[in-house]
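What TrEMBL says about this protein:
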{"type": "COILED", "residues": "B:17-44", "note": "coiled coil"}
{"type": "BINDING", "residues": "B:GLY104, B:ASP125, B:SER132, B:ASN133, B:MET134, B:HIS135, B:ARG136, B:LYS149, B:ASP193, B:ASN194", "note": "ATP binding site"}
{"type": "BINDING", "residues": "B:CYS234, B:CYS237, B:CYS309, B:CYS312", "note": "Zn(2+) binding site"}
{"type": "ACT_SITE", "residues": "B:CYS251", "note": "active site, glycyl thioester intermediate"}
{"type": "DOMAIN", "residues": "B:363-466", "note": "domain 'Rhodanese'"}
{"type": "ACT_SITE", "residues": "B:CYS426", "note": "active site, cysteine persulfide intermediate"}
Amino acid sequence: MMQLTLEFGGGLELLCESKKIHNVNVEPQNGSDKLIMKDLLAWVRTNLIKERPEMFMKGDTVRPGVLVLVNDCDWELSGQLNTSLEDKDVVVFISTLHGG
Amino acid sequence: MESVAWDTDVSRILAELESLRDTKSVIEQRILALEAQLREINLRNEVSNCDSCSPTSVLDSNSPNGLSRDAIYRYSRQLLLPSFGVEGQANLLKSSILVVGAGGLGSPALLYLAASGVGRLGIVDHDLVELSNMHRQVIHTESYIGQPKVKSAAAACLKINSTVQIVEHKEALRASNALQILNQYDIIIDATDNAPSRYMISDSCVVLGKPLVSGAALGLEGQLTVYNYKGGPCYRCLFPTPPPTTACQRCADSGVLGVVPGVIGCLQALEAIKIASAVGESLSGRMLLFDALSARIRIVKIRGRSLQCEVCGENSTFTQQHFREFDYEKFTQTPLTVPPLKLNLLPVESRISSNQYSEIISKKEPHVLVDVRPSHHFKIVSLPKSLSIPLSTLEARLPEISSAIRKEEDDVEVASGSSVQLYVVCRRGNDSQLAVQYLQKMGFASAKDIIGGLESWSKDVDPNFATY
């Protein structure tokens with residue numbers, strides 16, 4: 001079991017019952033001891049997203065306009081879907097805002 | 001009779017207001033012209049006689065640090081900062097900054113930029129000041145309602161600091177005029193409120209090689225970063241594909257707490273001042289995320305410039321010509337100046353006007369009115385006897401509609417041959433159509449919506465009915 005903190009912002013929290021911070025335990029997939037972001041996205045979609053999943057994901061990744069941050073760092077810098085997660089990591093999903 | 005007298009009163013007041021506003025605008029034009037003349041004369045005197053410094057002069061070539069006596073006193077608290085000092089101030093006074101959008105973000109940004117002593121400050125906005133702007137667009141005052149935001153903002157900036165040169169661009173920024181406007185400035189601040197403008201401003205900053213301070217705010221959250229500066233990414237590096245239009249909410253629909261864009265706008269001014277005066281470390285390559293409700297500010301590391309970026313990447317062929325021809329509205333599927341969405345889903349026989357509904361009430365025709373707006377909207381204002389069933393809960397609450405219709409049948413003597421009608425209303429007449437489509441499918445065949453929603457009720461039937 002891996003203990004993770006997941007945060008949703010910029011309106012994405014509306015997809016998970018308006019709750020922004022989720023402390024969760026996620027089992028690594030397929031008997032492996034490693035959890036990568038691709039697995040986590042699938043887990044989030046199944047377990048946390050309660051409505052309009054298309055506002056969170058497109059294909060097997062997040063929809064355009066969503067930034068993913070692993071431990072306060074853009075997931076583009078850590079390998080995107082292949083980013084390996086470790087116990088106690090903080091993953092933030094944030095939808096970009098346009099208002100002003 | 002009373003209502004006729006009341007109408008005459010109102011039209012008399014409106015006419016007088018209009019004529020006063022016209023006079024005011026003529027006087028203001030004259031003041032601006034005279035002020036410009038005065039500046040011109042002072043400037044000429046300064047050139048011919050350098051010993052007597054005019055009060056409006058800021059940079060003084062005779063003074064060892066280039067600052068005039070007045071400028072030294074005005075900016076003394078900034079000059080006293082070792083990390084800013086005379087050099088920082090002198091750089092700022094020589095710089096030019098453009099703020100696109102004089103709204104919730106632009107208001108505080110402009111006030112601080114003018115106060116801090118930016119040499120030349122440009123303002124772009126095509127909009128007029130409205131009462132519903134005042135809670136967050138703090139640069140504007142009530143007396144400017146109905147007037148161009150650019151004019152109101154320029155006047156406010158000059159009241160704080162008459163030595164700053166303010167340039168008014170009273171037009172919407174488009175691909176056809178953006179390069180010409182942005183090119184006149186060193187630093188650009190994106191204080192707009194929509195996706196196509198954000199792509200357009202970022203692209204033009206890349207094409208012109210200008211740093212871009214970008215801020216956004218909605219509800220109780222804000223975001224801030226600096227694009228296209230010191231190896232950092234541009235907006236497209238971060239968001240190569242535009243988001244679906246359903247993910248682009250507007251303050252006019254989703255709401256915004258006034259102080260939230262205020263905080264972000266202040267930080268935008270700060271970042272621009274840092275770049276202009278060449279002090280400190282900019283937010284380039286980092287993004288600030290502000291969550292007002294939980295009082296959290298998070299600064300995260302974002303990707304650098306993407307080599308594959310279509311606009312700023314290594315092999316990009318995006319030129320000024322491409323920019324001018326790029327259709328940003330089509331790219332983001334969002335209009336640049338956002339008119340409210342107007343759906344047209346129902347046949348005419350499934351719709352009634354607000355005037356028709358007003359007749360139904362006065363004739364006491366038996367009916368049920370369902371209001372499908374979210375419940376926090378219903379709490380702001382609603383029509384008498386309307387039943388609040390938000391669209392998102394409609395499916396589960398059909399039995400409530402059936403029983404409301406039965407109750408109406410029992411309460412009112414329904415004339416033979418007629419039946420209790422079902423009407424649906426919302427804010428502007430879009431969600432009500434979706435609701436009627438669904439209701440008709442679920443067996444409420446005669447359901448009809450009120451065209452234009454409560455906004456048209458207020459406009460066409462009852463001007464005292466509050467809009468928001």
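Heads up, the Cβ atoms here are built off N, Cα and C, so glycines get one too.
Automatic prediction, not curation, is the source of TrEMBL annotations.
Everything TrEMBL records as a feature, shown here on the structure.
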residue	record	DSSP (3 states)
B:GLY104	ATP binding site	coil
B:SER132	ATP binding site	helix
B:ASP193	ATP binding site	coil
B:CYS234	Zn(2+) binding site	coil
B:CYS251	active site, glycyl thioester intermediate	helix
B:CYS309	Zn(2+) binding site	coil
B:CYS426	active site, cysteine persulfide intermediate	coil
Residue among recorded positions B:CYS234, B:CYS251, B:CYS312 with Cα closest to the Cα of B:GLY104 (ATP binding site): B:CYS251
Residue with minimal Cβ packing [other Cβ atoms within 10 Å] among the binding-site residues B:CYS309, B:CYS312: B:CYS309
For the Zn(2+) site built from B:CYS234, B:CYS237, B:CYS309, B:CYS312, further residues of that chain with CB within 8 A of the site's CB center: B:SER202, B:VAL206, B:TYR227, B:ASN228, B:PRO233, B:TYR235, B:ARG236, B:LEU238, B:ARG305, B:SER306, B:GLU310, B:VAL311, B:GLY313, B:SER316
The residue listed as 'active site, glycyl thioester intermediate': nearby binding-site residues from B:MET134, B:ASP193, B:CYS234, B:CYS237, B:CYS312, Cα cut-off 10 Å: B:ASP193
Inter-residue C-alpha distance, B:ASP193 (ATP binding site) and B:CYS312 (Zn(2+) binding site) (nearest angstrom): 23
C-alpha spacing of B:ARG136 (ATP binding site) relative to B:CYS237 (Zn(2+) binding site), in angstrom: 31
Nonlocal neighbours by CB distance (under 8 Å) for B:CYS234 (Zn(2+) binding site), same chain, sequence gap 6 or more: B:SER202, B:ASP203, B:CYS205, B:VAL206, B:LEU212, B:TYR227, B:ASN228, B:ARG305, B:CYS309, B:VAL311, B:CYS312
Composition by DSSP (helix, strand, coil) of residues within the domain 'Rhodanese' (B:363-466): 44 helix, 15 strand, 45 coil
Least buried by Cβ count (within 10 Å) of the recorded positions B:MET134, B:CYS237, B:CYS251, B:CYS426: B:MET134
Binding-site residues satisfying Cβ distance under 8 Å to any chain A Cβ, from B:GLY104, B:ARG136, B:ASP193: B:GLY104, B:ASP193
